[in-house]
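J.: Before anything else, here's the structure in question.
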Amino acid sequence: MDNAIFPNKFKAALAAHQVQIGCWCALANPISTEVLGLAGFDWLVLDAEHAPNDVTTLIPQLMALKGSSSAQVVRVPTNEPIIIKRMLDIGFYNFLVPFVETAEQAAQAVASTRYPPEGIRGVSVSHRGNMFGTVPDYFAQSNKNISILVQIESQTGVDNVEAIAATEGVDGVFVGPSDLAAALGHLGNASHPEVQRAIQHIFASAKKHGKPSGILAPVEADARRYLEWGATFVAVGSDLGVFRSATQKLADAFKK
């Protein structure tokens with residue numbers, strides 16, 4: 001049995017600034033997540049912030065993705081070490097941390113994923129993340145194979161984005177367009193010019209410090225524009241959005 005889980009190919013792809021197209025898993029269901037895992041996306045976000053997920057619902061989804069080539073990214077509900085530790089222990093290696101506003105908060109997120117002395121991650125010798133103690137050199141390899149993506153979604157985050165991007169251990173900077181729009185006074189209008197300028201600034205700041213940038217963009221024209229602006233990892237839709245759109249289209253086709 002091959003118990004090798006490293007190296008982290010998604011982390012390596014981000015470091016090489018290779019475009020990674022992703023999708024959001026918001027339905028919190030292993031079957032819908034398994035279907036997305038068959039589609040060929042480079043990465044999938046299993047959302048534990050806005051979707052009804054916790055460790056008990058995420059484990060079946062990770063199992064459903066076992067044969068998938070898509071990298072699994074978890075968006076944690078908050079930047080708390082104990083939450084991140086539990087996500088590590090169930091098998092996540094890629095983290096999207098919401099509402100990061102300072103370099104100190106970014107550094108805390110990184111430290112939460114690292115074993116001492118580089119960080120503060122608690123040690124369990126046997127858990128799902130290390131295949132219950134069967135992964136060779138897990139403790140030696142883990143720290144350098146965890147990826148941290150920090151989410152900028154406030155004016156304070158925009159103001160501090162250069163320091164955040166420069167933080168050691170941060171692998172990428174992600175824009176939360178809806179919350180950013182709300183924070184800038186344009187709730188429900190991420191297309192507002194002020195929001196778009198802020199997004200460009202975030203992308204440019206990440207690039208300045210050699211870090212890839214990402215964003216959620218379920219509208220194709222938006223996604224393509226952000227890729228042209230230099231975004232590296234772009235989530236182009238969600239299972240919920242695709243399901244809602246397709247079912248409405250099907251119903252409309254027969255009820256009109």
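The backbone N, Cα and C atoms fix where each Cβ goes, glycine too.
So Swiss-Prot says this about it:
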- HIS50: active site, proton acceptor (ACT_SITE)
- ARG75: site 'Transition state stabilizer' (SITE)
- ASP89: site 'Increases basicity of active site His' (SITE)
- GLN151, SER178, ASP179: substrate binding site (BINDING)
- GLU153, ASP179: Mg(2+) binding site (BINDING)
J.: If one looks at the chain holding SER178 (substrate binding site), which residues at least 6 apart in sequence have a CB under 8 angstroms from its CB?
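T.: In sequence order, GLU153, GLY188, ALA190 meet the Cβ cut-off.
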J.: Excluding GLN151, SER178, ASP179, which residues of the same chain place their Cβ within 8 Å of the centroid of the Cβ atoms of the recorded substrate site?
T.: PRO98, PHE99, GLU153, VAL175, GLY176, PRO177, LEU180, ALA182
J.: 10 Å Cβ neighbour count around HIS50 (active site, proton acceptor)?
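T.: For HIS50 (active site, proton acceptor), the count of other Cβ atoms within 10 Å is 12.
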J.: Let me know the DSSP-derived helix, strand or coil state of SER178 (substrate binding site), please.
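T.: In three-state terms, SER178 (substrate binding site) counts as helix.
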J.: Within 10 angstroms of the C-beta of ASP89 (site 'Increases basicity of active site His'), what count of other C-beta atoms is obtained when all protein chains are considered?
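T.: The answer is 17.
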J.: Sort the recorded positions HIS50, ARG75, ASP89 by C-alpha distance from ASP179 (substrate binding site) and give me just the closest.
T.: HIS50
J.: Closest of the recorded positions to ASP89 (site 'Increases basicity of active site His'), Cα to Cα, picking from HIS50, ARG75, GLN151?
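T.: Result: the closest of the recorded positions to ASP89 (site 'Increases basicity of active site His') is ARG75.
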J.: With substrate as the bound species and GLN151, SER178, ASP179 as its recorded binding residues, calculate the greatest Cα-Cα distance and give it in Å as a whole number.
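T.: Output for substrate binders GLN151, SER178, ASP179: max Cα distance 12 Å.
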J.: What same-chain residues, at least 6 away in sequence, bring their CB to under 8 Å of the CB of GLN151 (substrate binding site)?
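T.: Within the chain, GLN151 (substrate binding site) has Cβ neighbours under 8 Å at ARG75, LEU96, VAL97, PRO98, PHE99, VAL100, PHE174, VAL175, GLY176.
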J.: Other Cβ atoms within 10 Å is the metric here; tell me which of the binding-site residues GLU153, ASP179 scores highest.
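T.: For the binding-site residues GLU153, ASP179, the Cβ with the most other Cβ atoms within 10 Å is GLU153.
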J.: Sort GLN151 (substrate binding site) into helix, strand or coil using the DSSP assignment.
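T.: Reduced to three states, the DSSP call for GLN151 (substrate binding site) is strand.
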J.: Around the Cβ of ARG75 (site 'Transition state stabilizer'), how many other Cβ atoms lie within 10 Å? Please give the count over every shown protein chain.
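T.: For ARG75 (site 'Transition state stabilizer'), the count of other Cβ atoms within 10 Å is 23.
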